[in-house]
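Visitor: Just passing along the structure, written as structure tokens.
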Protein chains: 6
Amino acid sequence: MRPSGRAPDEMRAISFETGFTKHAEGSCLISCGDTRVLCTASVEERIPPWLRGKGEGWVTGEYSMLPRATHTRGGREAAKGKQSGRTQEIQRLIGRSLRAVVDMKKLGERQITLDCDVLQADGGTRTASISGAWVALRLAINSLMEAGAIKDDPITAQVAAISCGIYNGTPVLDLDYAEDSNADADANFVLIEGGQIAEVQATAEGATYDEEGLLRLLRLANIGCDGIFAAQRAATK
Amino acid sequence: MRPSGRAPDEMRAISFETGFTKHAEGSCLISCGDTRVLCTASVEERIPPWLRGKGEGWVTGEYSMLPRATHTRGGREAAKGKQSGRTQEIQRLIGRSLRAVVDMKKLGERQITLDCDVLQADGGTRTASISGAWVALRLAINSLMEAGAIKDDPITAQVAAISCGIYNGTPVLDLDYAEDSNADADANFVLIEGGQIAEVQATAEGATYDEEGLLRLLRLANIGCDGIFAAQRAATK
Amino acid sequence: MRPSGRAPDEMRAISFETGFTKHAEGSCLISCGDTRVLCTASVEERIPPWLRGKGEGWVTGEYSMLPRATHTRGGREAAKGKQSGRTQEIQRLIGRSLRAVVDMKKLGERQITLDCDVLQADGGTRTASISGAWVALRLAINSLMEAGAIKDDPITAQVAAISCGIYNGTPVLDLDYAEDSNADADANFVLIEGGQIAEVQATAEGATYDEEGLLRLLRLANIGCDGIFAAQRAATK
Amino acid sequence: MRPSGRAPDEMRAISFETGFTKHAEGSCLISCGDTRVLCTASVEERIPPWLRGKGEGWVTGEYSMLPRATHTRGGREAAKGKQSGRTQEIQRLIGRSLRAVVDMKKLGERQITLDCDVLQADGGTRTASISGAWVALRLAINSLMEAGAIKDDPITAQVAAISCGIYNGTPVLDLDYAEDSNADADANFVLIEGGQIAEVQATAEGATYDEEGLLRLLRLANIGCDGIFAAQRAATK
Amino acid sequence: MRPSGRAPDEMRAISFETGFTKHAEGSCLISCGDTRVLCTASVEERIPPWLRGKGEGWVTGEYSMLPRATHTRGGREAAKGKQSGRTQEIQRLIGRSLRAVVDMKKLGERQITLDCDVLQADGGTRTASISGAWVALRLAINSLMEAGAIKDDPITAQVAAISCGIYNGTPVLDLDYAEDSNADADANFVLIEGGQIAEVQATAEGATYDEEGLLRLLRLANIGCDGIFAAQRAATK
Amino acid sequence: MRPSGRAPDEMRAISFETGFTKHAEGSCLISCGDTRVLCTASVEERIPPWLRGKGEGWVTGEYSMLPRATHTRGGREAAKGKQSGRTQEIQRLIGRSLRAVVDMKKLGERQITLDCDVLQADGGTRTASISGAWVALRLAINSLMEAGAIKDDPITAQVAAISCGIYNGTPVLDLDYAEDSNADADANFVLIEGGQIAEVQATAEGATYDEEGLLRLLRLANIGCDGIFAAQRAATK
């Protein structure tokens with residue numbers, strides 16, 4: 001029995017509030033249950049030094065939690081003077097995941113930064129960030145294409161992410177905080193429409209799992225991401 | 001003529017969306033025109049070392065802008081490894097302003113941190129932060145009093161803040177970004193209900209001003225803060 | 001009754017020892033009672049990146065206290081690895097105050113850095129820094145003009161600063177440490193010769209004050225700055 | 001055809017030189033082909049603050065590359081003043097992997113730090129670090145048990161790690177640098193003797209892969225880790 | 001021929017202005033020609049953690065240059081966020097040199113920090129810092145003894161320092177900046193009254209030197225320190 | 001009697017394992033008794049900004065201890081976010097010592113970085129670093145000359161370093177950790193073949209010493225360095 005009463009393969013309600021902020025070229029507030037992340041896509045006509053002169057663009061991600069996004073207040077990373085290992089790990093994942101679906105030649109010599117700021121956390125903030133970042137990116141690319149700055153769509157596919165885990169011995173989809181903090185195993189899947197895997201990060205905590213367990217989690221993730229893909233399409237139509 | 005078409009003594013629409021996040025003891029999203037700041041009040045049962053054993057509490061503030069709160073993306077302070085002088089100046093101001101209306105003995109040995117995170121900026125983020133922080137603080141104190149943790153209300157008065165400036169030679173109330181970046185003089189007033197001044201920060205940029213100019217700005221600020229006081233009362237009733 | 005026995009509108013003895021160090025283009029040791037600040041003006045033939053190609057110069061300020069300038073030793077900021085919020089706030093104020101009286105076109109594409117290092121502190125170090133920095137700047141500009149590097153004097157006026165406060169209910173001029181640490185309200189005024197205001201930073205501590213109180217402090221500040229203007233003229237003649 | 005001429009399921013030669021340094025409670029130099037990592041286990045009779053009083057121990061990992069472990073010299077992280085996101089990600093992985101096979105109650109209130117310093121890199125430094133850290137840990141625990149400081153063996157199983165990837169369309173085991181920098185997909189598996197998974201980190205680069213591809217990589221990893229488990233046993237007998 | 005016209009064994013004029021600042025327990029401004037260093041001794045009734053409970057005290061040194069102590073302005077270390085290797089090297093030297101003449105048991109469980117802040121530099125700032133720090137320390141200890149806090153004098157001897165070098169092939173005493181920047185070899189000697197050596201730091205720059213050369217520099221240093229010892233005694237009588 | 005049973009003028013066994021790592025242009029593992037330092041020379045075709053356009057090269061050194069090189073584990077400097085004063089002092093010494101024997105014109109516009117990473121420490125790590133760095137440099141220059149990148153040998157002489165000290169009243173050569181931590185005086189000598197001195201750093205700890213003592217230590221150092229020079233020649237033939 002899950003704390004939320006959800007079925008093992010039941011995802012939380014997901015929604016995208018697009019245009020949440022007015023300055024960014026693309027933005028949305030993604031809600032996955034009580035987890036809420038503000039995702040913005042910022043287009044800059046400059047690229048990192050090591051890419052200059054190659055006719056290619058770049059996509060990168062940044063991630064942060066507001067100090068009181070969580071049950072108890074966490075220290076502000078800007079005040080501590082450095083980003084935690086967890087933050088860096090997550091923002092590297094966001095960047096890699098979105099780059100997996102962008103054709104850098106078609107993007108041209110510009111950089112898009114995907115800022116994912118968690119306003120409220122209830123489990124699954126990194127996966128919500130990826131799913132929301134795709135929407136922000138889609139909207140930013142749309143506006144670049146409408147303005148004639150880009151001709152061919154550089155986005156090759158949708159990308160979405162979801163967590164799965166083994167809770168009380170049962171594989172379940174889309175862990176919330178109550179499950180996440182007690183799960184035996186926790187896996188984040190970044191999937192691409194059409195059944196391709198962009199990234200798997202599966203960690204045993206407490207108990208370990210075997211090939212069979214990994215496959216069952218992957219299949220749950222496919223179910224979840226199909227739902228997110230549909231919601232992304234609805235939000236960006 | 002103001003860019004927004006407002007009268008010189010006309011403030012932008014102000015609203016407080018209370019309970020914007022669920023974990024904080026008190027929270028609101030304050031909107032002053034297009035400026036939107038998420039203010040949370042976090043109660044912790046610990047105090048700074050230099051206050052221990054005095055039977056008093058502490059109130060402090062922190063401030064940050066999301067990277068794309070602004071027209072062009074700004075670097076993330078956590079990534080740079082330090083907070084800017086501007087950020088530190090503002091969060092010191094927020095803390096002082098709120099402490100001016102709290103009786104630390106009645107608060108008891110606990111600390112309340114007021115986090116002000118700017119989701120969208122259009123001028124006046126520091127003053128909106130103060131006005132919103134008071135609402136978050138009021139809600140947090142209310143819940144402490146309902147829970148019986150505090151007996152006597154430690155809040156002694158309302159506090160609110162507003163910017164005024166001299167734009168094209170005319171003193172105007174509540175500068176938005178278009179005015180702020182072209183004003184001859186810029187002043188932030190932190191006022192306490194009943195006509196008292198908690199803080200004045202008035203800076204001449206380009207032109208200077210004299211005693212008469214300062215008084216006219218102060219009187220505009222009184223008009224503005226009266227409006228904010230009413231909105232704060234409505235939001236926390 | 002003030003701890004020093006001074007009348008409410010009586011300033012401490014002020015003096016400028018010009019040429020205190022030999023390498024700087026302009027330098028002075030300002031003494032305001034027991035507060036002593038070494039102010040140097042350094043001319044560099046380079047400007048910040050964002051000013052390049054505009055034909056304008058720049059004036060900036062830096063501030064620091066020697067560790068044992070104070071009653072008890074304070075940690076060295078270089079050893080801590082960062083400047084405090086207070087330090088940054090003060091050096092931003094010094095820069096703004098001096099820029100208010102410099103014509104950047106006439107200065108030409110060069111930067112002048114005003115270093116204010118407090119050798120001994122007894123209240124009012126930030127205001128003494130501003131008054132002393134003006135003298136150092138005046139001397140540096142004089143030498144540039146004598147050398148023919150600048151034709152038209154870029155300094156448009158004198159600027160000076162003084163603190164005022166409400167001590168035991170009475171508005172007083174030029175707080176020393178004994179008063180500063182017990183004042184009900186504390187205000188720093190940066191004034192320009194001829195009665196113009198460059199900056200006001202007024203903070204209520206403990207008690208608040210009203211329009212009338214602010215005006216009385218401003219008038220005291222005018223008395224004080226008139227004295228400083230005369231001393232600056234004598235020192236730089 | 002692999003650059004090294006190895007068969008797709010052929011691992012590089014692996015060896016452990018135990019007792020490589022004399023001060024550490026356990027140490028080894030692991031060589032996986034030309035990748036060489038010095039792993040030391042340091043026992044300290046203290047635990048992190050959040051574990052105090054629980055009667056449990058802690059195991060943590062640290063990772064670094066010497067500046068010239070790589071083809072071109074990389075900057076020293078100590079000189080830059082911070083550890084990269086990659087370094088932090090890897091050391092978090094090392095810690096989690098080893099904790100998966102330690103019973104913290106049996107370890108008792110002490111901390112073991114596994115330092116993994118890469119002397120020479122040729123692909124697979126993070127997985128070699130994990131396999132080598134287990135040997136260093138085993139030796140350190142042995143000496144604690146011989147000294148009577150620990151009664152029951154806190155190590156519950158062997159843990160080892162290996163990378164696999166898709167190179168030129170073929171799944172291959174144990175990528176070296178020449179393969180790693182051109183692989184379509186790259187996966188690191190941390191496995192526990194008996195067929196259990198501790199961690200999977202699989203990333204598509206360039207091409208993505210599907211369920212079938214993930215399974216084939218996992219099976220290669222099982223082959224590789226069986227070889228490492230045997231070598232670990234031989235080294236620590 | 002030396003740029004200053006001094007004889008090879010002729011030191012610059014040296015003077016100590018004691019009591020230069022009023023808050024420190026001991027202070028002096030040492031002038032060696034145009035090199036001027038403000039030295040303060042601060043007594044604190046606390047010791048470093050690793051000394052607790054041993055009944056011993058501690059003496060430590062800190063060193064800094066004001067940004068415009070030099071011919072061209074140097075960046076402020078507090079603004080850069082770290083102390084240079086040169087600064088750290090010098091302050092470690094100051095601490096070791098003074099500790100060589102203090103009996104820590106007689107000092108008792110207190111720490112004395114010797115802050116050496118260079119107001120103006122013209123070569124030999126580190127050696128002037130040591131010679132001046134001894135005077136500040138002597139004055140601070142005197143006041144502790146007068147107050148009855150210490151019974152037996154913990155200072156066992158005088159310590160002083162001077163630089164020597166080989167300039168145009170000739171060994172010379174007390175290098176000024178013009179010589180220092182062109183010397184073939186540069187050596188700093190920290191000597192104790194009675195002919196004992198506390199520290200030698202001799203570096204060949206450009207040319208090297210041999211045993212004979214080192215001895216000749218040491219003998220010059222003895223001449224110089226005898227003069228400083230006399231000046232220290234006169235200043236602290 | 002020395003703890004190791006060595007005669008006062010007896011050095012520990014010294015050996016150089018050249019080519020210890022394969023990527024560096026020159027490398028060796030130097031062993032001085034149980035002290036082992038990995039020294040690599042990295043050639044880069046770029047020079048520091050202040051040298052550009054002068055037709056000269058640069059040689060610099062970096063130093064670090066692995067965390068468990070020592071008896072008890074030391075914190076990792078990269079994790080602390082800064083290099084200690086000791087580390088900076090040592091790496092400055094390594095750079096100066098090697099530059100003393102390199103003709104920068106003959107080296108041409110390239111930089112060689114000498115990384116000295118201590119794998120195991122038993123006293124004398126800084127001197128071993130210098131002696132080993134010379135071997136790594138020699139090997140790197142050899143390969144540059146063989147490749148025809150450099151015509152005339154820029155190395156003007158051998159350089160080596162050794163520590164001496166006064167232990168139980170007797171001058172002894174090549175202190176190990178047991179002696180170093182109890183010595184009355186400790187001196188590091190950097191010598192150049194042919195009897196020239198590159199650097200002396202002599203510190204009295206506990207007891208001081210006089211001219212005679214310094215000379216006796218220097219003579220021991222000459223004995224030791226003669227042995228190191230021979231070993232260096234054998235290793236690089």
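All residue numbers here begin at 1 and follow the chain in the order shown.
In case you wondered, yes, glycine gets a Cβ from its N, Cα and C as well.
Feature list, courtesy of TrEMBL:
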type: DOMAIN; residues: F:10-140; note: domain 'Exoribonuclease phosphorolytic'
type: BINDING; residues: F:R86, F:G124, F:T125, F:R126; note: phosphate binding site
type: DOMAIN; residues: F:158-221; note: domain 'Exoribonuclease phosphorolytic'
Visitor: Of all the binding-site residues given, F:R86, F:T125, F:R126, which has the fewest Cβ neighbours within 10 Å once its own Cβ is left out?
Guide: F:R86
Visitor: For F:G124 (phosphate binding site), what is the tally of other C-beta atoms lying within 10 angstroms of its C-beta?
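Guide: Total other Cβ atoms inside 10 Å, all chains included: 25.
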Visitor: Rounding to the nearest whole angstrom, report the longest C-alpha distance spanning F:R86, F:G124, F:T125, F:R126, listed for phosphate.
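Guide: Result: 13 Å between the two most distant Cα atoms.
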Visitor: Which state, by DSSP, holds F:G124 (phosphate binding site): helix, strand or coil?
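Guide: Where F:G124 (phosphate binding site) sits, the three-state DSSP reduction gives coil.
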Visitor: Suppose the phosphate site is F:R86, F:G124, F:T125, F:R126. Which further residues of the same chain have a Cβ inside 8 angstroms of that site's Cβ centroid?
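Guide: Apart from the listed residues, the neighbours are F:Y63, F:I90, F:V118, F:A121, F:G123, F:T127, F:A128, F:S129.
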Visitor: Average pLDDT across the domain 'Exoribonuclease phosphorolytic' (F:158-221)?
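Guide: Residues in the domain 'Exoribonuclease phosphorolytic' (F:158-221) carry a mean pLDDT of 91 in this prediction.
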Visitor: Would you list the DSSP helix, strand and coil counts for the residues of the domain 'Exoribonuclease phosphorolytic' (F:10-140)?
Guide: 42 helix, 41 strand, 48 coil
Visitor: In the domain 'Exoribonuclease phosphorolytic' (F:158-221), how many residues does DSSP assign to helix, to strand and to coil?
Guide: 15 helix, 31 strand, 18 coil
